[in-house]
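Quick notes on the structure that follows.
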């Protein structure tokens, strides 16, 4: 507000008079104010003025409800209704702020904001109140605590502020600029120049910023650039107040007269649609303040300094009957405000009194106010009784008077000794993950205890606490879960730490220093990652799956083959099983078997992972077996050779199937024999008995034979007796499989105790067998290593650590007897030296199986447990990846891969490491199968295909398929872009230090893929523009960024060229295999979501071509504007436009860098690009704004380089 037209008598209120926090009675105080107010010898009691109980408020008509003294004798400079709570704030000329609660105006808080300057504007925020003084902006809590204090320049004279959004503030005054302040960082972010200085009032609508100047003008400014769009010259003297509502702007002010400034009784009204003035409104009071009060109509409230108030319509005539009078204690009204609900008006006068006028007896200041927090009442007089028998009773609840006498509890030092309670050690996991900032450490909560609770040892005889007090690396709460300290670090569940850059700055190499590829665990139902790795490292299975291709949309064998191809191409980078798991979720049998977990169950580990992975193992083998048999067309299966196929059975059947003969013998003597086959076996343990608990020794071979040749008594149908009878069922084996798969079925403590007991017995026998030759540590002399590597080397005795918890043999020997029996025994290296090579005995029906993989369940209640695999990686894999020929055991824990000793693969500490699945492979298995891989994807996948959409028409076609003479060759350029939709939202949490942590990223699905020709006469014309049909629920179509609209992916209503993901995936796979080079912007994310692994030499990404180290990545839109003079991505993104633009940018890169031969000159071009980007704030100007830099002198000089 402008104070130039106020009463000159106000000059007597010098700021020095009101510098004290508790002002004394002013000499100018009106004596009528002292009625019913008791004076204190030291000052004046600042109590609210009483209101007569007989005040009657008429509904719909504003009347005075309450009056209250804010600060005696000190003029009120500003008033403001709180926008979040039922409170009224007032500020005084002495820099003091006071708040009142509710319509009764009960004093809530009162505090000094500034010691000398008056408070000029107040703005309420969610967490506090902003106060503006002459050159100071202060943000304080509603109770008076300072949140921040921002000092402006001493030469500033600020009068107005405007909150543009929740964190941005505009501050203006008598200078020729307006400041923009970021409330989060409390820093000045922008300074806008103002042509007409003296901005004392600011308003905002959804179209403009409105600035009222002391010269009498009102300027309308753009919301983004703050440039002047229009200007109204309202008054010739000065502006007093203005307000905006809808399409109307009303202003009041002073006009220049011969004798000086005079209050103008004509309100200027402007139509914001036509940007011109309409008929001025003549009023019957001297207007100093005005506000729109749009309750029923667009009413205007016009207030004079003498206390007269008039309501009128801005486009009608003012009626003298609509005038009412406010009775100020002082001579002048200094401030006026309207509540957000329009039910209350607040007036402040020159004697420090506040008047509240309302249109109802019980008004509310806001439509929806939150509850106000009040100070807690004193609880000393209402203390509950305390129970002295409680050990943890807080004695601080008892109020004790201050005394200087000795208390009864003060025992002499001779009779007492300090015995503080010893706190438990800090969780080792917290110490491991702690990051220090100064002397304060931050670590994620391991969630082993409730928040803010620490267990204490209350009794000296607590043996459980003492028994684990010396154990290192054990977490807090180890007395309840003592096994947790045993879990080795590399076996714990690994998680990806997401940052604002996603996965780009996550160091996967820290977890995997090999060239084998891990699998990412954050995808739903990724618990099967370990089993995917096991199948991949089975060489015949890998070759078979990669040679398979059929026309089924969701074929697990096809998707597994695509995933194996990615694992082949990767050089240590992790892969994702997105598409495979997507197909897995669509199979009804998987859901019926309970193999598809909900996200909550998987995160919390509610499911029994050991049972789950064993069911998954049986399911995947059965499903692969069926997929290989279901050949829809003769060319659907394109095997590598005849050895992979056999009539009536699949190669999966040849590898895993075991032919069985089941015999049922009834007690009547009738016998029924039927043949069957199985793909895996389940271990059947001996019945629990007292003799077993004494330490009876069972070889693993004995238990395995019992499980294969199973004898059991059960009820079965007898055709002779024609009823169910007790029968003896026996199972004999006819044919041994090439790969022996065993589900361990350790699902209860009974089976776990059996494994533990057998491992103890085996350990004692091994120690007894080796005698004193066992070493404590596994250390060898140099001579021992030389002998070990020589052809006639001797066997080195194992160490004690290698023999612990071992019951499983590395090899087993199986032999078919002549009477259909089966002999099984453990097979050691010593047995092989004694009996000779096993291959020579195969002619007599002898087979030796070597352990190839073990899948184990890691018990860890903190993370819900996890599944890991020990895999013996063969020579061919090492030859392809590392160029060496040897075999090595590895631990596969999602994306953590680490070489291990072979004994670690068979050591099972049943407290935390439980076996789930075993894979034994027949020796020299690879020599029996053709391991050649022929790429089953042919060029025909790029030819024209029908759309799934029913409404698709040729007129809607956006691409031209490749002709036979246009088939891409190695090194050809292809422009690529993809658009995505969101299937699951991101899950994140806010840490205690205020930083955001992503727990689970959003799950994206590819929705559109576009490929354009990169050379030839049709360069830039798309040959692939596929919309991907999806059966999963889409949470967000991201239309603004993807251009995908609801219905585009629905085959029933879509007008786009709709295909399956598998169909488009095959096209891209063919292009990758043929050796084309993809040009695009941000291709790393595109390929990641599509689930493709592309060699780095086949990717030309403009994000990195136009990037300087340690600088920000630049958007495609800005690069296109800067280098190509193109305006793209206006309203939404279009993948065809983006792919073409990326191709043009690549051509521009070759032109500027002289095909990469002049890196220094191109570096100067990039410097110019980044300088221009910083000046433009990386935003492309509007069409009427700044032109492309191609016409600028700076750009021309850069090109001249």
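Placed from the backbone N, Cα and C atoms, the Cβ positions cover glycine too.
Since this is a predicted model, take the numbers as computed values, not measurements.
Some features that TrEMBL has for this protein:
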| type | residues | note |
| --- | --- | --- |
| DOMAIN | 517-923 | domain 'USP' |
| BINDING | 977, 979, 1086, 1138 | divalent metal cation binding site |
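Listed in sequence order, 1006, 1007, 1008, 1038, 1041, 1042, 1043, 1044, 1133, 1135 are the same-chain residues at least 6 apart in sequence whose CB falls under 8 Å from the CB of residue 979 (divalent metal cation binding site). Of all Cβ atoms in the shown protein chains, 22 besides its own fall within 10 Å of the Cβ of residue 1086 (divalent metal cation binding site). Cβ neighbour count for residue 977 (divalent metal cation binding site): 28 (other Cβ atoms within 10 Å of its Cβ, all protein chains included). The divalent metal cation site, placed at the center of the C-beta atoms of 977, 979, 1086, 1138, has further neighbours from the same chain whose C-beta lies within 8 angstroms: 976, 978, 1008, 1009, 1010, 1080, 1081, 1082, 1133, 1135, 1139. Residue environment of residue 1138 (divalent metal cation binding site) contains 26 other Cβ atoms, counted within 10 Å of its Cβ in all protein chains. When pLDDT is averaged over the domain 'USP' (517-923), the result is 80.
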